[in-house]
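Q: Take a look at the following structure, please.
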Amino acid sequence: MESVNSDLQRERESAGISSEDFAVWWAGGRDKLQQRRAVERYFFDDPEFDDAVPPSCMSYKERYEHSIAKGTKFVARLRQWQRENGYNEQSVNLKAVHDFRLMLSGPLGTALFQQSFPLRLHFGMFLPSILNLGTEEQQRTWLERAWRMDGIIGTYAQTELGHGSFIRGLETRADYDVASEEFVLNTPSLSAYKWWPGGMGQTANMVVVLAQLYINGNHHGLQPFLVRIRDEQTHEPLPGIDVGDIGPKMGGNGVNNGFLGLRNVRIPRQQMLMKHAQVMVDGTFVRKAKPQLVYGPMVFVRVMIVRDAMFQLLQAATIATRYSLVRRQSPIEPGQAEPQILDHLTQQVKVLPQIARGICYRLVADELWRFYNDVTQSQSTQAQLAELHALSCCLKSVCTADSAEGIDMLRKCCGGHGYLASSNFDSIMGLANAAYTYEGEHTVLLLQTARFLLHNYEDALKRRVMPASITYLRLPVRHSWGNNLMENAVRALEISAVEQLRDAWEWLRQQRKRGQTLEQATNLSGRRLTAAATLYGHAYLTRNTLQQLKQLQKLPKLGEILAQLLELYILDSFLRQLSAILRWQSISARQVQQVEQRFEQLLTQLRPNALAIVDGFDFDDRVLNSTLGAHDGRVYERLMEQARRNPLNQESVNGSYYTHLQPLLRGKL
C-alpha cells in the first residue's frame, strides 16, 4: 500500500469534523452516497475505462475517436449496471434527464471524460427540447427513441456563425410549403450557418434547429424544428446538409462542436415542435402559449450551469487545499521550520473563501432547480416566468464569472506546479471559461436581467407586489448597522443593488429626455445596468445563504462548521463588493474593520478543518486527475512519476538532435 503524506495524515487525525459525515450530508444522505460510490467503483475498477495513452498526447482526431469509443461504452455499461442493481428504467421526464445530466457533468462523468462527455448535448439539450417544446404526440414519437438512442443522437442548434445571444437576429429560416405540407429550411448566408452545437460535427444525426418561421411571406418568430441531418443507417450527411467540425478549442475538446448549413432541406409539418405554437395543414399559425417558452431548454441548461460552476470551483479548491497542506515554504518566524503554506494568512484568503463559495453555489443551485420545477410543472404566471428567466440569466453570469476567477486564483496559489498540465487546472479552467460564454454570453444575460429589474423598479415605485427575489425594492434604503454582521452585509448588498438600479433607471430617463430612442438610451446605460444586475446576483446569493444558514446550523456534528463556511461566504462577498457598497452607503472604517476582523477570525477557525471539508466532497483521484491534489498527498512523487512517463523522456537523446541540433552545433545547418 502506498504511503500517505505525513502532513495530510496528521491533518485528518486532528480535524474537528468527520469527512465521512460531511460526505453523507453533501450527497444528500447515506443511501445516495453509497449509490454514487458503487457506480463509480463499477467504472473505476474496469480497466477498459483506463486511458492507455494520456488524451493530452493524442491528436485532435484521435481524441475525438477515443472519446466516442469510451462514451458509447459508458452509456451501455451504465444501463447494464442499472439493470443488474435493480434500478428500474425511469420514465423519460425532466427529472430523469436532470439526474443523468448531473451524472455526466459531476464526478463520474468528469473522471472518465476530463474534456467533457461527447454525448452531453444529446442528454443536456436535445432531450430537454423535446420535453419542453414537443406536444404529447411528438413526445410519444421521439422521446423514448431518443432516450434509448434508438437510431437517434441529437443536439441543439441555435447559435449561428454571425449571431449568438441576440436570438432575434438569427438568419436560419423555415418556409412552410402548404402544397406539400412541409417546411423548407435554409441558411441563406455564411453568417447564418449554425455554429458551436456540441456533437454536431461528426456525432449527431438529428438536430433541434431554431429558425425564423415564414408562412406565405409572413414572419411568425423563432420556432424549433426537428431535422435529421445524417442517414440513420450510413451516417452520411443527407442532401442539402453541409456539416462538419469547427476545430480544436481552449477546452472541452471531448465534445465534437460543429457547423451546419441547410439548403432547401424539407421536413414534414409534424417535425416543428408544436407544444407552444402550431402550424395547421392549411398554413394557419396558432400560438398556444407565451412565445418566450420556446427558450425553455436554454433556461433549463442555465439552471444546470450554476451547478457546473460549483463543481469546477470545488475541484480546483480541493487540489489547492491538499497542495497547500503538503507544500512547506517561508518560515513565519526566523529560524523556525518552514510551515505548511496554508498556515500563511495570505494563502488562507485565497483558498478558504473559494471552498465556502462553492458550497453556497450548491445551495443556490438546489434552490434554483426547485424554483424551475415549480414554474415549469404548474400553470405559472408571466411574473414567475420573468423572474425565473432573470434569475437563471443572472446566476449563470455571476457564478460562472466568479468561479472562473476563483479557479485561476487557486491555480496561481499553487505556484509554478499549478501551471503544469498534470495539475489539471488547465482542463478545469478550460471548461469554466467555456461556461462563462456558452448558453448565453455573460454581458448579454446581465442586460436581460437588468430589463427585468427596471420593470420591477417602476412597479416598486407604484407600490405593487414584488417578486420574491427582489422584495427588498420596497424596503427603506437606509440600514442601521447592528450587531449581526451577516445581516449587515446582506442588507448592504441589497441596498447597493437598489441604489445602482435607481441610478441606471434615472440615467436612462435622462437619455430619453435628451431625445435618445429607448434602444439608444439603453445602450448608453449599459455599464450601469450590468452593474445593477451583478449586484442583484450577489444580493440574492447572500440572502439565500443567510436563509439556509438558519437551518443548517442546527445539524448535529456539522452545524458549526457549515455556519462558519456560510458566514465566510457572506462576509467575503461584502468585502469583494466593497467599492460598490461604499459608493451608495455611509459605512465607517470601524464597521468595515469589524467585518475584516471577523472574516480573518473565520479563516483561523476553518483552517484546522480545511482538509476534512474538501475530503468530504468525496472526489476520487480520477475525478481530480491531478498530481497536486491526490488523496495521498504524494505531490512530489507524482510529479516526478508523471515527468518520467513523458514520451520525450523515453530516450536519452531525441532524434531531433541528429537531424537539427547536431548540424547546427557543427556549423552545417
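Residue numbering: from 1, along the chain as shown.
Backbone N, Cα and C atoms are what each Cβ position is placed from, and that goes for glycine too.
From TrEMBL, here are the annotated features:
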ACT_SITE  GLU439  active site, proton acceptor
BINDING   THR159, GLY198  FAD binding site
DOMAIN    19-152  domain 'Acyl-coenzyme A oxidase N-terminal'
DOMAIN    295-454  domain 'Acyl-CoA oxidase C-alpha1'
Q: Please work out the number of neighbouring Cβ atoms within 10 Å of the Cβ of GLY198 (FAD binding site), leaving out its own Cβ.
A: 26
Q: Counting only residues 6+ apart in the same chain, whose Cβ is under 8 Å from the Cβ of THR159 (FAD binding site)?
A: LYS194, TRP195, TRP196, PRO197
Q: Ten-angstrom check, please: count other Cβ atoms within 10 Å of the Cβ of GLU439 (active site, proton acceptor), all chains counted.
A: 25
Q: Count up the helix, strand and coil residues in the domain 'Acyl-coenzyme A oxidase N-terminal' (19-152) according to DSSP, in that order.
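A: The composition, in the requested order, is 100 helix, 0 strand, 34 coil.
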Q: Measuring Cα to Cα, how far is GLU439 (active site, proton acceptor) from GLY198 (FAD binding site) in Å?
A: 11
Q: Which whole-number mean pLDDT does the model give the domain 'Acyl-CoA oxidase C-alpha1' (295-454)?
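A: Here the predicted model's pLDDT, averaged over the domain 'Acyl-CoA oxidase C-alpha1' (295-454), is 93.
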